[in-house]
Structures are given as C-alpha cells and as structure tokens.
Amino acid sequence: MTDTQNKNYIIALDQGTTSSRAIIFDRDANVVSTAQSEFVQHYPQAGWVEHDPMEIFATQTACMTKALAQADLHHNQIAAIGITNQRETTVIWERDTGRPIYNAIVWQCRRSTEICQQLKRDGLEEYIKDTTGLVIDPYFSGSKVKWILDNVEGSRERARKGELMFGTIDTWLIWKFTGGKVHVTDYTNASRTMLFNIHTLEWDQRMLDVLDIPREILPEVKASSEVYGHSKSGIPIAGIAGDQQAALFGQMCVEPGQAKNTYGTGCFLLMNTGKKAVKSAQGMLTTIGCGPRGEVAYALEGAVFNGGSTVQWLRDELKLINDALDTEYFASKVKDSNGVYLVPAFTGLGAPYWDPYARGALFGLTRGVKVDHIIRAALESIAYQTRDVLDAMQQDSGERLKSLRVDGGAVANNFLMQFQADILGTHVERPQMRETTALGAAFLAGLAIGFWSSLDELRNKAVIERVFEPSCEEAHREKLYAGWQKAVARTRDWEPHENEE
C-alpha cells in the first residue's frame, strides 16, 4: 500500500468523445474542482470520425494542470490517478518515438464496415459472440486495427518487429503519462476490442489470426483497480475502466441484478451479472464490468438509440418546446398521454428489436390530443424503451432487477424518473453525485492504494439524493406497456429492404 496519509485527493481523468475532463475528489468523494477542454472532431469522409491522439493527450494534461490550479493544490497532494475513457477508439503509435502512425479511429467511425461484412461472410458471428461477447460491428476496435495496418504502408511488418503499439485511449494516456514505461489496459476496455476472450481473460489468437493483427502490438491486460505505474511527477496511476463500466462502479452496482441507465442522446444500460457471463438471446452485449474490489465481474449491455435525441427533435424540428427542461412542466400538466404513443425509431430500433427498417411514428391521435400529450408521450417513450432492454436482460440472466440507478442529463426530469419507476415497477435511485463516471474511476484508484479501505466505505460515499417509488398499480402498468408494444409492432419493417427497392 502507498502511504496516503498526507495525500487527501484523487484525480479522475474522464477522456470523452468530444472533450477531456479532470475532476478532483476529496476523501468524502466531494468534487473539489473540475476542468474541461474540447478538442477537434475530424470527418475526412462521410461516416468516418477521427481524433488527433496528441491533441487528446495535450487537452487531458492541460485539464489536469488547470484542475489542480483551481483547487490550489500541488501534485504531491494527489494520492492517485484514475482513468476512464471513451471505449473502442483505436490508436497505433511508434514504440520509440511515441508518435501515432495515424489519427485515432473513433468508436462512431464506420470505415471498417467491409471488414466486418467479410467476417460475417466467413461465418464468424457465432464464434465472436461466444468468445468476445460482442456482435460483429465496426463499433469495436478489432476491425479498426486491421484497417490501419491494411492502409498505412509498412505498418504490419513494423508491428511484427515490435516497433508499433496498439491501445484504446486508456492505454495511450498511460503510455504518455508514464513516459513510455507502461503498456497496459484493463479488462473492461479489452472486452470492447473484439480481440479478447472474456472467459479465459486472454487475447484470442484465432481473432488475431483472422484479422492479421500481430500479437506484439497488444498491451498487457490487468484488473481495473491496481497500480499500473507512476506519472512523471510520481503519482500512482491506479484505476482504469471504460466510461460505461466506470459509471456502473461509480453507482455501486457491484452485485448481480444491480443495473444503471445513463440517459444521454441515447441510453446506455448495464446490468451486473456477477461471475456469470450471460450469453444473450436478445441481442445484448456480454461485457466485463467490475466486482466489489474492481475485479472482473460480467455485465449485460444494451443501448437505446433515441433517448434525449427525441426531446431534441421536439425542440429543434417540431418547435413544440423552447428548452428540453420545459418537458417536465408540459408533461405534468396532463394526467396521462391521452392514449398517444410516440415510437422514436428515427434510425431504426436498437435492443432488443434490432430492426434497422423500423421508422418513427405517433399513434392514438384524436381531436382531443394536445401538444402536452405529445410531449408527455415523448418522455414516456424513453422509459418504455428502457423497460424493453431491462426486461430482455432479466430474461437473459435470470436475475431479478433489484433497483435501477440512473445518471446522465435527463435524470433531472422528475416526471421522467417517476414514470420510469411506474413502468418498471421498481425503485429508481438518483444519486446526489452526477459525476458517476469520474467517481467510478476515482473509486477504483482509491481502493487500489488504500485511500478508501472497503466497499462499505464507498457505498456511504455514493449517496442517493432521491428514490422514486412505483405509484402505479400492476394492471394499469401492464396495460400501458401493452399499448407501447402494440405501437412498436406497427413501426417494424417499415422501410423497404435494399433488395426490394
């Protein structure tokens, strides 16, 4: 254990898709200071997204310096650094110089679609699902690594000679912060690469062979809570987790059946399944999260495509509201949605339907329907879609949902949170601390060095600000949900398939 007596702070580095952030926490897990810096998004072609890895490192370093200065702290007062990051985004750099050979290919980038189609044609879907827990998609790192090695001249040969290194953003930052001494990732980030066997907890040789990725470029994989190395100023780097898994830990969802939903543009749902890697029959991803001390625990992950974006649509395209915050007021003005259902399948439907041909629709319109009813139906759609995913997770895992922890921008909406509790028939718990992702990284780092000693101590820090209890009778709940399911069924398979046009 490191001596942490005179070091009363932990810094969490939250490296996101559009900005880098640094958040300093004290021993009571209060936020002492925050710094944020946006960076440039590069779109070289339609569907392609890149970041400059050097800019990511520069903004992350600047945020750390700024957060320390704002709190009037010196680096020798920091007990540890925890890192959480945008997942799947891929960097390859030179071992000797630390210079990237290409921009970082971002998780949203679709350039490796053809590589993924070939994997499907080669009949690898079942193998990849069984081994990595993932579906074949350009989202994950494996096909991005192959694309760089295929397209940067001489890079595969250099990789074989051990001259190049691959990493997700956590790995890249640690390499830079330790002055090129440490090449490491954690189990949560490794589980998002499509190259990692989540059962044996090792890089999968067959996937490396299929994608022609030399093993020499891969980082060592470690637990999410341990000392990996030290920054140039001597601070231990002691926690790593991908952003969604960090939020799951920050919410203290460390036991099987505990789940969290992050309400953003879309919604990210993760449910802890403990020591059991559950293979989903409903299109969920099987991924690695963190157990009580940051050790490997499995989780199911599902995404809702349109959450907050549905409210943005009401504001920007339909002009029904001026501000997203107004939705709570309008939705609460009416006693129900007057039979209206809005299915926001603007880009198809995600889990558990996986229907790219579905399109959005409003159902149940009569002359008595007012704007308030439509606004209410839009908010309700977020809660219904969340139930769709959680029902599928419970079916897959056999775990009963104990409660739902929530974070993200939309959790400030009391109407939405209450309706979520009503339609799930379970407690919805909103934390006092909204920085759950950064808090998860801080918790993992703090546990590793003895800054915090036990899970019970952490649970006391993860204070729940408000619990929303279901106030709706079961018969009414199921009637509302049956209406939603009927509406969803009508939106399915709306667009013609490519071969029908």
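Any Cβ shown, glycine's included, is placed from N, Cα and C.
Record check: Swiss-Prot places Thr17, Arg87, Glu88, Tyr139 at the sn-glycerol 3-phosphate site, and the matching candidate among Asp209, Asp212, Asp243, Asp316 is Asp243. If you count neighbouring Cβ atoms within 10 Å for each of the binding-site residues Thr17, Thr18, Ser19, Gln244, Thr265, the highest count belongs to Gln244.
Taking the Cβ of Arg21 (ADP binding site) as centre and 10 Å as the limit, one finds 23 other Cβ atoms among all the protein chains shown. In this record, ATP is bound by Thr17, Thr18, Ser19, Thr265, Gly308, Gln312, Gly409; the longest C-alpha to C-alpha distance in that set is 21 Å. Here the binding-site residues are Gln312, Asn413, and the one ringed by the most other CB atoms within 10 angstroms is Asn413.
For the pair Tyr139 (sn-glycerol 3-phosphate binding site) and Thr17 (ADP binding site), the Cα-Cα distance reads 13 Å. In the set Thr18, Ser19, Arg87, Glu88, Asp243, Gln244, none of the binding-site residues has a C-alpha within 10 Å of the C-alpha of Thr265 (ADP binding site). For Gln312 (ATP binding site), the nearest neighbour among the listed binding-site residues (Thr17, Arg21, Gln244), judged by C-alpha distance, is Thr17.
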